[in-house]
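Annotated features, as they stand in TrEMBL:
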- 47-371: domain 'FAD/NAD(P)-binding' (DOMAIN)
- 84-89: disulfide bond (DISULFID)
- 93, 157, 186, 187, 188, 356, 362, 363, 364, 365: FAD binding site (BINDING)
- 223, 224, 225, 226, 227, 228, 229, 230, 246, 315: NAD(+) binding site (BINDING)
- 390-499: domain 'Pyridine nucleotide-disulphide oxidoreductase dimerisation' (DOMAIN)
- 488: active site, proton acceptor (ACT_SITE)
């Protein structure tokens, strides 16, 4: 088995053209020395200019500089990290953790012998902790820019030619940044809904939901995707009565159907309510609160819902407005995504695009991988990102994480497969900490046992999934995972047992 694993690894490396031949070494040495001289030349023209300092952009900038390219990153916000760090991934995870701690203290601690006379929410302190985390991390990225000698321009950039970006700086001035290669990494923005105006007070986007000044008595979430469920979960834990309105027949439509049903039941036990197959047809903000008029998605009798705050969480859209893409002729698709080839190059020579502005999952970690691969191509190396092997995580409690294909997708492809499952109710660590709601589900090819998809619902699913991500990237079998020794007692043993159930039989159920 070890030999088979080594063979797979060798094939994997060869498929990515990472040989160590003398010719490749000479080619790499020449490229690196050329770009190193460019970096030291003091020329006003950059080797690489990145428009956007989010996860894709700042990672691309650092990697480009590490490869010896003279690099400038332009960011309009004035703080690095993009939506993810400033008003997305990081602040939401801070509030998810803080609200979970409050919920645990109130509902779970007594069962563990830890009792308080009273527990209360100090929302300003909770928000301050969130803001401190964001501030520290954004400053940390600026420090990485300085360490790697990345030039940082704060302002709004727009193309004036394929090799020039005009920047209106946040100080009120303007400058032109020149580059041999320009990468568009401007991310995405909140998708609006017809007839609904977001004021970030009573009708909020995810940005406003991260900064509410008080816990709303009633919160309506429009959209049952990752963001809507996470933010709804935060405020439900803190005491809000949360109702989720979703046009589709299911929450998180991309999730494996069996896991999704268990997930919805878990959220309903936390008193979150769901109105599926429902559309919003009217909004009234004339009173103190908000009144939503809804009706069945297929049409029918209308009803009115009342709330203190409404969160619009209907997805995101590529942010390309005002970049001057039409001026230089960059092609986009019907929904505004920039079209690129397998090297992230647009139809305009020297102009590239990564992250949320191009097709693929709108995830920060996907954007980071795009950024690294893109600059590797620019530097004459070989980059690679496989969007079918990018993990996704919903950071509620329990979390849900997945990689690869769902059972519905495998069936649609006509692949003969096996399924292995293992409940956390049979996992010793989960039972020991009294947090055993969840399951691991593995899908594998019936003939070869190659893993096709892994889906985990568990308290720490977002951490557990990466063993499966590594396995799928190296075309491992379920038996490969099953025969690896996992420490006891750990939650990760549930993945091993599910793998055992896939190719043979589990031990503990």
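Cβ atoms here come from the backbone N, Cα and C positions, even for glycine.
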Closest of 186, 188, 362, 364, 488 to residue 225 (NAD(+) binding site), Cα positions, recorded positions only: 362
Rounded inter-Cα distance in Å - residue 227 (NAD(+) binding site), residue 84 (disulfide bond): 12
Structural state census, the domain 'Pyridine nucleotide-disulphide oxidoreductase dimerisation' (390-499) (DSSP three-state): 39 helix, 33 strand, 38 coil
Site of maximum Cβ density within 10 Å, from binding-site residues 223, 225: 223
Using Cα positions only, nearest of the recorded positions to residue 246 (NAD(+) binding site) (362, 364, 488): 362
For residue 89 (disulfide bond): intrachain residues, at least 6 apart, with Cβ closer than 8 Å: 364
Spatial separation of residue 223 (NAD(+) binding site) from residue 362 (FAD binding site) - C-alpha basis, Å: 16
Nearest recorded site to residue 188 (FAD binding site) by CA-CA distance, among recorded positions 84, 223, 229, 488: 84
Between residue 93 (FAD binding site) and residue 223 (NAD(+) binding site): CA-CA distance (Å): 19
Among 84, 93, 186, 488, which are recorded as recorded positions, the nearest neighbour of residue 229 (NAD(+) binding site) by Cα: 93
Those recorded positions listed as 84, 227, 229, 362, 364, and which of them has the most Cβ atoms within 10 Å of its own Cβ: 229
Among 84, 93, 186, which are recorded as recorded positions, the nearest neighbour of residue 488 (active site, proton acceptor) by Cα: 93
Rounded Cα-Cα span from residue 84 (disulfide bond) to residue 186 (FAD binding site), Å: 12
Residue 84 (disulfide bond) and residue 93 (FAD binding site), distance between Cα atoms, whole Å: 10
Fewest other Cβ within 10 angstroms of its own Cβ, chosen from the recorded positions 93, 488: 488
Listed in sequence order, residues not in 223, 224, 225, 226, 227, 228, 229, 230, 246, 315 with Cβ within 8 Å of the centre of the NAD(+) site Cβ atoms: 221, 232, 244, 251, 252, 313
